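Novice: Quick one: the structure is below, and I'll ask about it shortly.
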Amino acid sequence: MSSRCNLRFLIPGLALLLGGVPSVLAVWPQPQQIRNSAERYSLSARAFLFKHADVSAVRSGCDVLDQAFTRYFTLIFPESGGGAHNRYFWTEADPFTVEVNVAEGPCDGYPAEGSIENYKLTVSPGQAVLTSVTVWGALRGLESLSQLVEQDDYGAYYINKTEIEDFPRFQFRGLLLDTSRHYLPLQAILKTLDAMAYSKLNVFHWHIVDDPSFPYQSRKYPDLSKKGAYHPFTHIYTQTDVRRVIEHARLRGIRVLAEFDSPGHTQSWGNGQPSLLTPCYRGDVPSGTYGPVNPILDSTYVFMANLLKEVTSVFPDSYIHLGGDEVDFSCWKSNPDIKAFMKKMGFGSDFTKLESFYMQNIVNISTMLNRSSVVWQDVFDYHEINRPRYVVEVWKWGCYLCEVRRVTKAGLKVILASPWYLDLPGPTHDWARYYNVRPLAFKGTEEQKKLVIGGEVCMWGEYVDATNLSPRLWPRACAAAERLWSDEVQTSSVDQAFPRLTDFRCRLLRRGIQAEPLYVGHCKNEYQGI
């Protein structure tokens, strides 16, 4: 028997595909509750209106919703060319009206930890009513509404009678991009934010600098990018660029979590800040090479305090990621000044205590700047006594749920990343492995499980740049997005998810996202950007 004959047993959902796909409830991630019927209503771009409810706390002039109305009009009716020029928008008589009622303002802030994303959506003859507590919930509801609109074989638009009550399972649903190992142009980042919003992911974790390059342009320390970026003018992110990313994200209900990882992963920092890194020794003489940040110098903490003060003035989120992973101790071990400091502090030969000493100081700086620290799990593993309050990101494979259990038992919040590393290539049908993750499948109390605030997809940059970023991310990242948003029991079947994800992948193509195919087939609207 040829390998092709076995494919139906290897591809999740293929049995459904070969036997005929049932009617697809075309909302991804799946809402907590969705009820729809065969009753459908015709739609037309020339008779379609977004409006604020009379009792809404948020009205015209709210840029988050004003721009969302324009954006979603074009997504719903792409052939219109975005030709809706008025509020909200040009209409013939008796338009289909989408009425949005937001219970609470304001509209001019940023999404934050604890932002309420709940919404209710009812589609009935001639209208859709969307209610939410905040504008962030309204954005999620508009996304669901846009996915309910279909076209028949003749190109006519319609929407089925539907009721949705929805909210996210986890508050933190992130995606990490690494812009140090390969520089990602601004447009690639902005397009990723668009796809995140389509999938209801809500945190962009920007791993902006690392060993290979330092593309963040600091005003306080301009030499960091001038001497540490791949190119001081073409491969940097200016303050204007950063603000543009943050604003693009805000308008889509996405937080921007900046990461400045130290004391390891800092080789590029040393080019513009020569005294920052630890000189390595060969025997009794310097080798001419440098290791992690030097944790014994007062000047190190002055520099870090100044840099983080600037970073927190640029990035408004209440979280900052301080890294703390994969520190190579060999250079510290070779340095006589470091060894003398270790002896003075009573650390003996345990260099994890030295890293803990450094991270404690950096977390304290973050606290003084009124920021909550996120760190990689290494910091938790190395710091068993007098542990400060921080959020732990679990990234090592192994028994990652064992780690989640240990961290939550210590009373600390957890972000789970281990099972969602997507940077290495693989068949698109690997999505099932990411879909089948069970973040709370560990033995622990309900209080422990409440400390798991969510998870994130990680796209590291060793083998990824703008040429392959999007197809490597999508639609595999969508599997994690549904796991983090939807009810786990209702979305436990890969076979049932497969036709919905196939449909959503086609929708991403229509919206200009280069998402890989899940299996043999075609979309009505193939990707046109090639």
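Including glycine, each Cβ sits where the backbone N, Cα and C put it.
The structure displayed is predicted, hence computed values, not measured ones.
So TrEMBL says this about it:
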SIGNAL    1-26  signal peptide
DOMAIN    27-148  domain 'Beta-hexosaminidase eukaryotic type N-terminal'
DISULFID  C62-C107  disulfide bond
DOMAIN    170-487  domain 'Glycoside hydrolase family 20 catalytic'
DISULFID  C280-C331  disulfide bond
DISULFID  C506-C523  disulfide bond
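Tell me about the surroundings of these features in the structure.
Specialist: Per-residue pLDDT, averaged over the domain 'Beta-hexosaminidase eukaryotic type N-terminal' (27-148), rounds to 91.
Other C-beta atoms found within 10 angstroms of the C-beta of C62 (disulfide bond) number 22, with every protein chain shown included.
Sequence-distant contacts of C331 (disulfide bond), defined by Cβ-Cβ distance under 8 angstroms and a gap of at least six in the same chain, are T278, P279, C280, T289, Y290, G291, P292.
A 10 Å cutoff on Cβ-Cβ distances gives C506 (disulfide bond) a total of 22 other Cβ atoms nearby, all chains included.
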Novice: Inside 10 Å of the Cβ of C280 (disulfide bond), count up the other Cβ atoms and send me the figure.
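Specialist: I count 17 other Cβ atoms within 10 Å of it.
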Novice: Enter the number of other CB atoms within 10 angstroms of the CB of C107 (disulfide bond).
Specialist: 18
Novice: Would you count the other C-beta atoms found within 10 angstroms of the C-beta of C523 (disulfide bond) for me?
Specialist: 16
Novice: Mind checking how the domain 'Beta-hexosaminidase eukaryotic type N-terminal' (27-148) divides into helix, strand and coil residues in DSSP?
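Specialist: Counts, helix then strand then coil: 34 helix, 35 strand, 53 coil.
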Novice: How many Å lie between the Cα of C107 (disulfide bond) and the Cα of C506 (disulfide bond)?
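Specialist: Between the alpha carbons of C107 (disulfide bond) and C506 (disulfide bond) there are 32 Å.
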